[in-house]
Amino acid sequence: MLDKLKRWNTKKENITTPSKEDVLSRPVPKHIAIIMDGNGRWANKRALPRIAGHHEGMKVVRKITRVANELGVQVLTLYAFSTENWKRPKQEVEYLMKLPEEFLGTFLPELVEQNVRVQMMGNHNEIPIHTRNAVERAIEETKDNTGLILNFALNYGSRDEITKAIKQIASDVKAGQISETDIDDQLVSQYLMTRKIKDPDLLIRTSGEYRLSNFMLWQLAYTEFWFTDILWPDFSESELLEAIDEFQKRNRRYGGV
Ligand code: FPP
(Lines of atoms letter the chains of each structure in order from A and count residues from 1; the text may use other names and numbers.)
(Lines give C-alpha, C1' and ligand atoms only; values in the text may rest on other atoms or scores of the structure.)
Protein backbone atom coordinates (compact mmCIF):
# COMPACT_ATOMS: atom_id res chain seq x y z
CA MET A 1 0.00 0.00 0.00
CA LEU A 2 2.77 2.43 1.00
CA ASP A 3 4.59 1.64 -2.24
CA LYS A 4 1.45 2.39 -4.20
CA LEU A 5 0.97 5.71 -2.40
CA LYS A 6 4.56 6.62 -3.19
CA ARG A 7 3.95 5.76 -6.79
CA TRP A 8 0.82 7.92 -6.90
CA ASN A 9 2.85 10.76 -5.42
CA THR A 10 5.82 10.32 -7.72
CA LYS A 11 6.59 13.56 -9.49
CA LYS A 12 5.85 13.59 -13.18
CA GLU A 13 9.50 13.82 -14.26
CA ASN A 14 10.25 10.40 -12.70
CA ILE A 15 7.65 8.64 -14.83
CA THR A 16 8.00 7.81 -18.49
CA THR A 17 4.79 8.81 -20.18
CA PRO A 18 3.38 5.92 -22.19
CA SER A 19 2.60 6.65 -25.81
CA LYS A 20 -0.94 6.89 -27.12
CA GLU A 21 -0.21 3.84 -29.27
CA ASP A 22 0.87 1.80 -26.20
CA VAL A 23 -2.28 2.75 -24.36
CA LEU A 24 -4.45 2.02 -27.38
CA SER A 25 -2.94 -1.46 -27.75
CA ARG A 26 -4.67 -2.49 -24.49
CA PRO A 27 -8.27 -2.15 -23.26
CA VAL A 28 -9.01 1.50 -22.49
CA PRO A 29 -11.37 2.30 -19.58
CA LYS A 30 -14.87 2.81 -20.92
CA HIS A 31 -15.86 5.33 -18.27
CA ILE A 32 -13.41 7.75 -16.66
CA ALA A 33 -14.56 10.03 -13.84
CA ILE A 34 -12.44 12.98 -12.72
CA ILE A 35 -12.44 15.11 -9.58
CA MET A 36 -10.83 18.22 -11.03
CA ASP A 37 -9.14 19.72 -7.97
CA GLY A 38 -6.49 22.39 -7.40
CA ASN A 39 -7.72 25.34 -9.46
CA GLY A 40 -7.60 27.68 -6.47
CA ARG A 41 -4.07 26.62 -5.46
CA TRP A 42 -2.89 26.97 -9.05
CA ALA A 43 -4.14 30.57 -9.04
CA ASN A 44 -2.76 31.33 -5.55
CA LYS A 45 0.71 30.21 -6.60
CA ARG A 46 0.57 32.83 -9.35
CA ALA A 47 -0.96 35.52 -7.13
CA LEU A 48 -4.06 35.39 -9.31
CA PRO A 49 -7.69 35.36 -8.14
CA ARG A 50 -9.15 31.86 -7.66
CA ILE A 51 -11.43 32.34 -10.65
CA ALA A 52 -8.37 32.53 -12.90
CA GLY A 53 -7.65 28.95 -11.84
CA HIS A 54 -11.17 27.88 -12.76
CA HIS A 55 -10.83 29.56 -16.14
CA GLU A 56 -7.57 27.72 -16.80
CA GLY A 57 -9.27 24.52 -15.60
CA MET A 58 -11.96 25.01 -18.20
CA LYS A 59 -9.34 25.01 -20.96
CA VAL A 60 -8.06 21.68 -19.63
CA VAL A 61 -11.59 20.28 -19.85
CA ARG A 62 -11.49 21.06 -23.58
CA LYS A 63 -8.12 19.31 -24.08
CA ILE A 64 -8.92 16.24 -22.01
CA THR A 65 -12.30 15.79 -23.69
CA ARG A 66 -10.61 15.73 -27.09
CA VAL A 67 -7.95 13.21 -26.01
CA ALA A 68 -10.44 10.95 -24.19
CA ASN A 69 -12.63 10.90 -27.29
CA GLU A 70 -9.64 10.07 -29.50
CA LEU A 71 -8.76 7.19 -27.18
CA GLY A 72 -12.25 5.75 -27.54
CA VAL A 73 -13.33 6.41 -23.95
CA GLN A 74 -17.13 6.13 -23.93
CA VAL A 75 -17.99 8.33 -20.93
CA LEU A 76 -16.04 11.13 -19.26
CA THR A 77 -17.71 12.35 -16.07
CA LEU A 78 -16.33 15.61 -14.68
CA TYR A 79 -17.08 16.93 -11.20
CA ALA A 80 -17.68 20.59 -12.08
CA PHE A 81 -19.75 21.77 -9.09
CA SER A 82 -20.82 19.91 -5.97
CA THR A 83 -23.90 20.41 -3.81
CA GLU A 84 -21.43 21.70 -1.17
CA ASN A 85 -19.77 24.25 -3.48
CA TRP A 86 -22.58 26.76 -2.80
CA LYS A 87 -20.71 27.51 0.46
CA ARG A 88 -17.96 29.27 -1.52
CA PRO A 89 -17.82 33.08 -1.76
CA LYS A 90 -20.71 34.47 -3.84
CA GLN A 91 -18.42 35.85 -6.53
CA GLU A 92 -16.71 32.47 -7.01
CA VAL A 93 -20.06 30.63 -7.17
CA GLU A 94 -21.32 33.09 -9.77
CA TYR A 95 -18.20 32.58 -11.82
CA LEU A 96 -18.44 28.79 -11.60
CA MET A 97 -22.04 29.03 -12.77
CA LYS A 98 -20.94 31.10 -15.77
CA LEU A 99 -18.26 28.62 -16.82
CA PRO A 100 -20.53 26.03 -18.48
CA GLU A 101 -21.99 28.85 -20.59
CA GLU A 102 -18.58 30.12 -21.54
CA PHE A 103 -17.28 26.64 -22.24
CA LEU A 104 -20.26 25.57 -24.31
CA GLY A 105 -20.59 29.00 -25.97
CA THR A 106 -17.01 28.68 -27.18
CA PHE A 107 -16.54 24.98 -27.73
CA LEU A 108 -19.93 23.53 -28.59
CA PRO A 109 -19.25 23.62 -32.38
CA GLU A 110 -15.99 21.75 -31.71
CA LEU A 111 -17.79 19.16 -29.56
CA VAL A 112 -20.40 18.67 -32.28
CA GLU A 113 -17.65 18.22 -34.87
CA GLN A 114 -15.97 15.63 -32.60
CA ASN A 115 -19.28 13.74 -32.29
CA VAL A 116 -19.28 14.34 -28.50
CA ARG A 117 -22.58 14.07 -26.63
CA VAL A 118 -23.06 16.42 -23.69
CA GLN A 119 -24.98 15.27 -20.63
CA MET A 120 -25.44 16.54 -17.11
CA MET A 121 -26.15 14.94 -13.75
CA GLY A 122 -27.12 16.95 -10.69
CA ASN A 123 -30.01 19.05 -9.48
CA HIS A 124 -31.03 21.06 -12.55
CA ASN A 125 -33.67 23.05 -10.72
CA GLU A 126 -31.34 24.83 -8.33
CA ILE A 127 -28.85 26.17 -10.84
CA PRO A 128 -29.29 29.61 -12.41
CA ILE A 129 -31.51 29.67 -15.47
CA HIS A 130 -28.70 30.96 -17.74
CA THR A 131 -26.51 28.00 -16.77
CA ARG A 132 -29.36 25.53 -17.23
CA ASN A 133 -30.27 26.96 -20.62
CA ALA A 134 -26.69 26.67 -21.88
CA VAL A 135 -26.38 23.07 -20.72
CA GLU A 136 -29.83 22.04 -21.98
CA ARG A 137 -29.11 23.57 -25.38
CA ALA A 138 -25.85 21.60 -25.60
CA ILE A 139 -27.61 18.40 -24.52
CA GLU A 140 -30.25 18.94 -27.20
CA GLU A 141 -27.77 19.84 -29.95
CA THR A 142 -25.59 16.82 -29.29
CA LYS A 143 -28.24 14.25 -28.43
CA ASP A 144 -27.73 12.22 -31.62
CA ASN A 145 -23.94 12.17 -31.38
CA THR A 146 -22.43 8.74 -30.93
CA GLY A 147 -18.91 9.50 -29.66
CA LEU A 148 -17.76 10.28 -26.13
CA ILE A 149 -20.45 11.19 -23.58
CA LEU A 150 -19.20 14.28 -21.75
CA ASN A 151 -21.13 14.07 -18.50
CA PHE A 152 -20.93 17.16 -16.30
CA ALA A 153 -21.64 16.62 -12.62
CA LEU A 154 -23.11 20.03 -11.86
CA ASN A 155 -24.76 20.75 -8.53
CA TYR A 156 -24.20 17.06 -7.88
CA GLY A 157 -23.81 15.33 -4.52
CA SER A 158 -23.79 11.59 -4.08
CA ARG A 159 -25.54 11.52 -0.70
CA ASP A 160 -28.27 13.74 -2.10
CA GLU A 161 -28.57 11.43 -5.13
CA ILE A 162 -28.80 8.29 -2.96
CA THR A 163 -31.27 9.94 -0.55
CA LYS A 164 -33.54 10.92 -3.45
CA ALA A 165 -33.30 7.37 -4.84
CA ILE A 166 -34.30 5.89 -1.46
CA LYS A 167 -37.30 8.24 -1.23
CA GLN A 168 -38.42 7.35 -4.76
CA ILE A 169 -38.03 3.61 -4.10
CA ALA A 170 -40.07 3.94 -0.87
CA SER A 171 -42.74 5.88 -2.73
CA ASP A 172 -42.86 3.30 -5.57
CA VAL A 173 -43.17 0.46 -3.04
CA LYS A 174 -45.99 2.32 -1.30
CA ALA A 175 -47.75 2.88 -4.63
CA GLY A 176 -47.43 -0.83 -5.41
CA GLN A 177 -45.29 -0.22 -8.51
CA ILE A 178 -42.50 -2.37 -7.12
CA SER A 179 -42.39 -4.74 -4.18
CA GLU A 180 -39.82 -4.77 -1.42
CA THR A 181 -38.42 -8.06 -2.73
CA ASP A 182 -37.58 -6.37 -6.07
CA ILE A 183 -35.03 -4.16 -4.33
CA ASP A 184 -31.49 -5.23 -5.16
CA ASP A 185 -28.36 -3.35 -6.21
CA GLN A 186 -29.40 -3.32 -9.87
CA LEU A 187 -32.73 -1.76 -9.02
CA VAL A 188 -31.05 0.86 -6.83
CA SER A 189 -28.72 1.72 -9.74
CA GLN A 190 -31.79 2.37 -11.88
CA TYR A 191 -32.93 5.09 -9.45
CA LEU A 192 -29.63 6.99 -9.63
CA MET A 193 -28.70 9.81 -12.00
CA THR A 194 -26.33 7.44 -13.79
CA ARG A 195 -29.06 4.94 -14.69
CA LYS A 196 -28.15 5.10 -18.38
CA ILE A 197 -24.37 4.83 -18.02
CA LYS A 198 -22.03 2.16 -16.74
CA ASP A 199 -20.11 2.68 -13.50
CA PRO A 200 -16.70 4.36 -13.86
CA ASP A 201 -13.75 2.05 -14.52
CA LEU A 202 -11.21 4.67 -13.51
CA LEU A 203 -11.41 7.60 -11.09
CA ILE A 204 -8.79 10.35 -11.28
CA ARG A 205 -8.34 13.01 -8.61
CA THR A 206 -5.82 15.78 -9.04
CA SER A 207 -4.01 18.06 -6.56
CA GLY A 208 -2.79 15.48 -4.05
CA GLU A 209 -6.06 15.05 -2.14
CA TYR A 210 -7.12 11.48 -1.31
CA ARG A 211 -10.84 11.65 -0.74
CA LEU A 212 -14.09 11.30 -2.67
CA SER A 213 -15.81 14.51 -1.57
CA ASN A 214 -19.33 13.11 -1.99
CA PHE A 215 -18.70 12.01 -5.59
CA MET A 216 -20.37 8.89 -7.06
CA LEU A 217 -20.16 6.93 -3.80
CA TRP A 218 -22.38 4.10 -5.07
CA GLN A 219 -20.96 3.99 -8.60
CA LEU A 220 -17.29 3.86 -7.51
CA ALA A 221 -17.64 0.58 -5.59
CA TYR A 222 -15.32 -1.34 -7.97
CA THR A 223 -13.58 1.55 -9.70
CA GLU A 224 -9.79 1.81 -9.88
CA PHE A 225 -8.47 5.03 -8.29
CA TRP A 226 -5.53 7.11 -9.56
CA PHE A 227 -4.28 10.15 -7.70
CA THR A 228 -1.77 12.77 -8.76
CA ASP A 229 -0.21 15.84 -7.12
CA ILE A 230 -0.65 17.75 -10.38
CA LEU A 231 -3.14 20.61 -10.04
CA TRP A 232 -6.05 20.43 -12.49
CA PRO A 233 -4.97 23.44 -14.61
CA ASP A 234 -1.62 21.65 -15.16
CA PHE A 235 -3.21 18.30 -16.01
CA SER A 236 -2.50 17.25 -19.57
CA GLU A 237 -2.63 14.38 -22.03
CA SER A 238 0.54 12.91 -20.41
CA GLU A 239 -1.15 12.47 -17.04
CA LEU A 240 -4.24 11.00 -18.66
CA LEU A 241 -2.07 8.47 -20.49
CA GLU A 242 -0.19 7.65 -17.26
CA ALA A 243 -3.45 7.09 -15.42
CA ILE A 244 -4.79 4.80 -18.14
CA ASP A 245 -1.47 2.95 -18.37
CA GLU A 246 -1.57 2.31 -14.60
CA PHE A 247 -5.21 1.23 -14.88
CA GLN A 248 -4.23 -1.26 -17.58
CA LYS A 249 -1.71 -2.87 -15.17
CA ARG A 250 -4.26 -3.34 -12.41
CA ASN A 251 -5.94 -6.66 -11.79
CA ARG A 252 -9.65 -6.06 -11.23
CA ARG A 253 -11.13 -8.90 -9.20
CA TYR A 254 -14.51 -7.47 -8.16
CA GLY A 255 -14.26 -9.27 -4.84
CA GLY A 256 -13.22 -12.60 -6.42
CA VAL A 257 -9.73 -14.13 -6.46
C1 FPP B 1 -11.97 22.40 -7.37
O2 FPP B 1 -10.82 23.15 -7.24
C3 FPP B 1 -12.65 22.75 -8.60
C4 FPP B 1 -13.93 23.14 -8.71
C5 FPP B 1 -14.84 23.24 -7.57
C6 FPP B 1 -14.49 23.55 -10.00
C7 FPP B 1 -14.02 22.74 -11.15
C8 FPP B 1 -14.35 23.42 -12.38
C9 FPP B 1 -13.56 23.44 -13.47
C10 FPP B 1 -12.30 22.74 -13.59
C11 FPP B 1 -14.00 24.13 -14.68
C12 FPP B 1 -15.25 23.47 -15.17
C13 FPP B 1 -15.45 23.68 -16.53
C14 FPP B 1 -16.65 23.54 -17.11
C15 FPP B 1 -16.69 23.51 -18.54
C16 FPP B 1 -17.90 23.42 -16.36
P17 FPP B 1 -10.68 24.12 -5.99
O18 FPP B 1 -11.25 25.42 -6.37
O19 FPP B 1 -11.29 23.48 -4.80
O20 FPP B 1 -9.13 24.21 -5.86
P21 FPP B 1 -8.32 24.35 -4.50
O22 FPP B 1 -8.59 23.10 -3.70
O23 FPP B 1 -6.90 24.45 -4.94
O24 FPP B 1 -8.80 25.59 -3.81
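Numbers run from 1 along the shown chain.
Placement of Cβ uses the backbone N, Cα and C atoms for every residue, glycine included.
TrEMBL labels come from automatic prediction, so no person has curated them.
Annotation source TrEMBL lists region 'Disordered' at 1-22.
The secondary structure of Asp37 (Mg(2+) binding site), as reduced to three states from DSSP, is coil rather than helix or strand. Positions annotated as Mg(2+) binding site by TrEMBL: Asp37, Glu224.
Non-local neighbourhood of Asp37 (Mg(2+) binding site): Arg205, Thr206, Ser207, Glu209, Leu231, Trp232, each in the same chain, at least six residues away, with C-beta under 8 Å from its C-beta. As annotated by TrEMBL, active site applies to Asp37.
Positions annotated as substrate binding site by TrEMBL: 38-42, Arg50, His54, 82-84, Trp86, Arg88, Arg205, 211-213. Under the three-state DSSP scheme, Arg205 (substrate binding site) falls in the strand class.
Secondary structure from DSSP puts Asn85 (active site, proton acceptor) in a helix. Residue density at Asn85 (active site, proton acceptor): 18 other Cβ atoms are found within 10 A of its Cβ, drawing on all protein chains shown. Summarising the annotation, TrEMBL assigns active site, proton acceptor to Asn85.
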Cβ under 6 Å from ligand 1: qualifying binding-site residues of Asp37, Gly38, Gly40, His54, Thr83, Arg205: Asp37, Gly38, Gly40, His54
Binding-site residues listed as Gly38, Gly40, least Cβ neighbours within 10 Å: Gly40
Other CB atoms within 10 A, centred on Glu224 (Mg(2+) binding site): 19
